[in-house]
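Record features, source TrEMBL:
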| type | residues | note |
| --- | --- | --- |
| REGION | 138-159 | region 'Disordered' |
| DOMAIN | 186-597 | domain 'Peptidase S53' |
| ACT_SITE | E263 | active site, charge relay system |
| ACT_SITE | D267 | active site, charge relay system |
| ACT_SITE | S515 | active site, charge relay system |
| BINDING | D556, I557, G575, D577 | Ca(2+) binding site |
Amino acid sequence: MRIALKQRNIDRGHKYLDEVSHPASAKYGQHWTAKEVAEMFASSDDTINAVKEWLSSADIAGGRIKLAKSLNWLQFDASVEEAESLLKTKYHVYDHAASSQPHVACNQYSLPKHIREHVDFITPTVHFDAKLKAREETRLSKRRDNPGTGRGIGKPWDRGHGSYPKWGHWIDRNELINDLRNRSNQFTPACLRDLYQFPPGHSANPKNSYGIVEYTPQAYVPSDLDLFFANFSQKQVGDRPILDSIDGGVIQQVNMSFAYNGESDLDLEYAVTLVYPQKVTLYQVGDIVEGASFNNFLDAIDGTYCTYEGGDDPTQDGTYPDPKGGYQGPENCGGYTATKVISTSYSYNEADLTAFYEERQCSEYTKLGMMGVSVLYSSGDYGVAGNLGQCLDRAPNGTLVLNNGTGGYFNPSFPGSCPYITSGGATQVKSNTDVTKALATGTQPEMACETIIYSGGGFSNVFPLPDYQASAVKGWFVNYPPPYGSARFNNSQQTRRFPDAIAIDAKWALVYGTSASSPTTGSILTLINEARLNAGKGSIGFINPVLYANPDVLNDITEGGNQGCGTPGFSAAPGWDPVTGLGTPNYPKMLKLFLSLP
């Protein structure tokens, strides 16, 4: 039996994060240890003692009860008769129809009134640890026409939603290399360094770390990395990321095609190259059968998250041991270290998930920020529309639901809409622009991406407007009011806006999308961390408060839009806007600013 105890101070997490992240705070940079975070949000002594006394009164002696290191759940062994008496219920053994997996559960259970306030939930009770239904309607998407299914990545993209030739095409490798050598508008690592004025890495501080998250069956191909290195970073041929396998995550080589390998190749080719000689950690999440979700990853780097607010949702998240016969090891709860920067190029529609699910997850990103971790997510490739270009309708009961067309209410992405991550979109270099000449003359060579994809951005329907963003966003409404009202988006001026910053749409094998933006930005932050750590300082952690207080350290993008839902979407404008955020990185300015902070 496991009893998940109520945690303390979750409602104060944003305050603690602001204290260590805002440049005007006396506590800036004084990040918490994992132990300090666990203790701050641990259950109170009153809660622990009240539940122990209740168990003791039911003849479950204290010597049988173990308190977890996370300080927020109790565990003990009990007979079925003891459990039924304790919870005033009746247990049964259920068979899952699809997998035949047996499971012990009850229909309902009861707690004394004075105990209910101290307990989130108890297992085993009404929760089933088998996936109860397929999540056909929820898609965790990475790039155009490559949506996942189920929790996003449980199966390859085989649902007939389109194919990658709509946004790029796979070409012969020799043809590709010749094409890159002969054309000036393909963005190689060297081009990115020139555009954002950041140098190659020159050291690998053992305190520094950079993580890329991928979800099986998406996996990189070692020979593809070597092909990339041979042409753009020859000394790295043979270099591989450090593998952290979560819930049976594997670098599968059974299915070999762009749909299975292209995205992971892209993330790692750029990240590994741009931060060399700093090593990159690959968090490979989920087995090839069941797949995984953001929650499965978060479980692995914070064991307390496994049970927080009732634990994972089997209709959204991977269930391990895999009831379908894949990975049979225990679910990873803790045991993995969070890197200083974590980049993820996948996203959901905010409307795919419940507000409770999203708020629970957003609280975890708050904790990571408190510990000095920078968390980056791509904003999406469909402008103001959601994955696959879907928009929303207002149902009769007032809720927002996905529609089957392109018209309607704007559809924000998640986790980009969480206030405690940094959301990144994409730019492109303007046609016929000489980047070197433009930079030398102070001319802005970039605009919001409008070539095939449109950078995601807009306004949350779930999360309130964070303090660090309020002035910039309200200024945008005053100076550049949008041509739409509440019939199109949440214009209350009280909700979170995204993206925060953007990076170039790096193209390789004629690939487009915001996926390359996140690992590129993460690489720049990793290099800044390297400089701070070499100077005896800590990591930069949650960067949004610093950037919004110092927008001049970014290159302001004022051209382009993010059309969708049958509209032109929003338009880029001076300062923050819901297309290009605050702008693109200016490494020298960002480095100077972050090195000046304590």
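Glycine is no exception: its Cβ is also placed from the backbone N, Cα and C atoms.
Automatic, uncurated: that is what TrEMBL annotation is.
With the fewest other Cβ atoms inside 10 Å of its Cβ, the least crowded of the binding-site residues I557, D577 in this structure is I557. D267 (active site, charge relay system) and G575 (Ca(2+) binding site) have their C-alpha atoms 29 Å apart, to the nearest angstrom. Per-site Cβ counts within 10 Å over the recorded positions E263, D556 peak at E263. Separation of the C-alpha atoms of I557 (Ca(2+) binding site) and E263 (active site, charge relay system): 26 Å, rounded to the nearest whole number. Summarised as a single figure, the pLDDT of the domain 'Peptidase S53' (186-597) averages 91.
A Cα-Cα distance of 31 Å separates G575 (Ca(2+) binding site) from E263 (active site, charge relay system).
If you take the Cα of D577 (Ca(2+) binding site) and the Cα of E263 (active site, charge relay system), they are about 28 angstrom apart, rounded to a whole number. Within 8 A of the CB centroid of the Ca(2+) site residues D556, I557, G575, D577, the other residues of that chain are T558, A572, A573, P574, W576, T580, G581, L582, G583. When Cβ atoms from all protein chains are considered, those within 10 Å of G575 (Ca(2+) binding site) total 16, not counting its own. The Cβ neighbour count for D267 (active site, charge relay system), using a 10 Å radius over every protein chain in view, is 28. A separation of roughly 28 Å, to the nearest angstrom, links the Cα atoms of D556 (Ca(2+) binding site) and E263 (active site, charge relay system).
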